[in-house]
Amino acid sequence: MVSLHFFSGSVFVVTMPIISTSGLARTFDSGNGPVHAVRSVDLAVAAGEIVCLLGPNGAGKTTTLRMLTTLLAPTGGAATVAGHDLADDPAGVRAKCGYVAQSGGADPHLTVREELVTQGRLYRLSRTEAGERAAELAGLLGLGDLLDRKAAALSGGQRRRLDIAMGIVHRPPVLFLDEPTTGLDPGSRSDLWDLVRALRDDHGTTVVLTTHYLDEADALADRLIVIDRGVVVAEGTPAALRAEYADSPAAPLQDVFLAITGRAAAPADAAPLSVQGL
Amino acid sequence: MLVHDTALVFGRYARQTLRSRFQMLFGVLMPLLYLLFFGPLLDGLPLGSSGDSWQVLIPGLLLQLVLFGASFTGFSIIVEKSTGVVERMRVTPVSRLALLLGRVLRDALLFVVQAVLLVLAALAMGLRAPLPGVLIGFAFVALLTVALASLSYALAMKVATPQEFGPVINAVAMPAMLLSGLMLPMTLGPAWLDIASHFTPLRYLVDAVRDAYVGSYATSHMLYGALVAVTFAVAALAAGARVFRRAGA
């Protein structure tokens, strides 16, 4: 699969997608019959892209991320992440991607240093490498003075930066963030946006994040992927989506979002709506 | 990689345990109370087996310590699931088996240490038993811990809340305690109860450790006890490993 993408600087480049999925699906068995959390998701994300998955609650965003990070086995479809097949080589996928869950992942009773070093060593860094990387990341993410503080004593923004530090301790080419700014104050949110941009600009990290905040998607994403009821219902740059779904290029993204999810009334066989440029 | 990862996971949880010494001592509290307030009641009673009452009671208390301790170790996983620690570890390439083994080995060490404390207290109360027998008793403590902790973690990975977890463990642990003759030898009871008790794996471990405490090592009790303990531990580890490999899948 080869795709065309707009990169920063408006240069067309032809690349193999670093993440590609076809018909990715997950059905859960519940007491009341099967629940189709993700029906069929086709994605192609280019290396170095920042992509936002948007969608109402229960749309299947988190389930999609949990499948792509090997936490959840798909019940249908296939995916490749950073050159490793999800089904055949989950260990390869794990080594190449970082994941920050909405709940975070630090033990509140342990210190920032302990958690960073442990996570580094789980990613197979040596004890020395993990120690150095912990100090480096703490410096980078403004946690330098907090290395020996327990996670429970951190503020919400600091805690989130620790979660992200744990997610990138092994310098993954792909980073998945599940609602990274939920519950953060505005200052911490914009700090986090800067961090995500820096990861992409300085390290070429591909970032896929889910969010409920349309302003976040607008500010951060190269491309938006709207998911509703387990399928991709629209995708494109914020500008392209505005052109397709709203009256003016300055329209609030909210209008675009409503127009799109309003159309996704037929859930089972809703065909993905393609957007120009893809 | 399995050894490296297991050592890493073991180290993480062993450090956490060392930091909460209160918790470590608290674990021996219940058997200690039995030792102090129940043990003296048995002094001089005809218990239908060789050795004095301490040699009958202490093996039971050791395994009771594990039965009610190791069975509940899964609680920690439920807490770690809610803080996201479990998933954060599972997205790394760490061996799935190591995530279980590291925890279980920490538990085995913890309960052997608690067993040593209990035996020291029992010595002060009047227990006299041969050293090899006491060491054999610790080996059974370790094996039973591996078995019960593996099952406990496996169950904890499957359930969503502590409210689902506690009642299940109690529903299994209480009958196991009563039917295995932990407190008093089952041979004292009617035949039907003795027979029922032979369907409880723990019964064979208790009999074996009681033999060890009176210095009888080459007995059928010892053979069956060792076989049951090893089989139980291996089967439970296999079941636990299966759950840890597939969790969330």
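If you go along the chain as it appears here, the first residue is 1 and each next one adds 1.
Cβ from N, Cα, C; glycine included.
TrEMBL labels come from automatic prediction, so no person has curated them.
The domain 'ABC transmembrane type-2' annotation in TrEMBL covers B:22-247.
Annotation comment: TrEMBL describes B:22-42 (among others) as transmembrane segment.
Listed as Cβ neighbours of the transmembrane segment (B:54-79) (distance under 8 Å, sequence separation of 6 or more from its ends, same chain) are residues 27-28, 30-31, 34-35, 38-39, 42, 47, 86, 103, 107, 111, 114-115, 118-119, 122, 125-129, 137, 140-141, 144-145, 148-149, 151-157, 159, 161-162, 165-166, 169, 172-173, 176-177, 180-185, 202, 205-206, 209-210, 212-214. If you look up TrEMBL, you'll see B:54-79 (among others) marked as transmembrane segment.
The transmembrane segment annotation in TrEMBL covers B:108-127 (among others). Note on the transmembrane segment (B:108-127): residues 14, 17, 24-25, 27-28, 31-32, 35-36, 39-40, 54-55, 58, 61-62, 65-66, 69-70, 134, 137-138, 141-142, 145-146, 149 of its chain, located 6 or more positions outside it, place their CB under 8 angstroms from a CB of the stretch.
Annotation comment: TrEMBL describes B:133-156 (among others) as transmembrane segment.
Listed as Cβ neighbours of the transmembrane segment (B:168-193) (distance under 8 Å, sequence separation of 6 or more from its ends, same chain) are residues 34, 38, 42, 47-49, 56-57, 60-61, 63-64, 67-68, 71-72, 74, 152, 155, 159, 199-200, 202-203, 205-207, 210. Here TrEMBL flags B:168-193 (among others) as transmembrane segment.
According to TrEMBL, the transmembrane segment annotation covers B:222-244 (among others).
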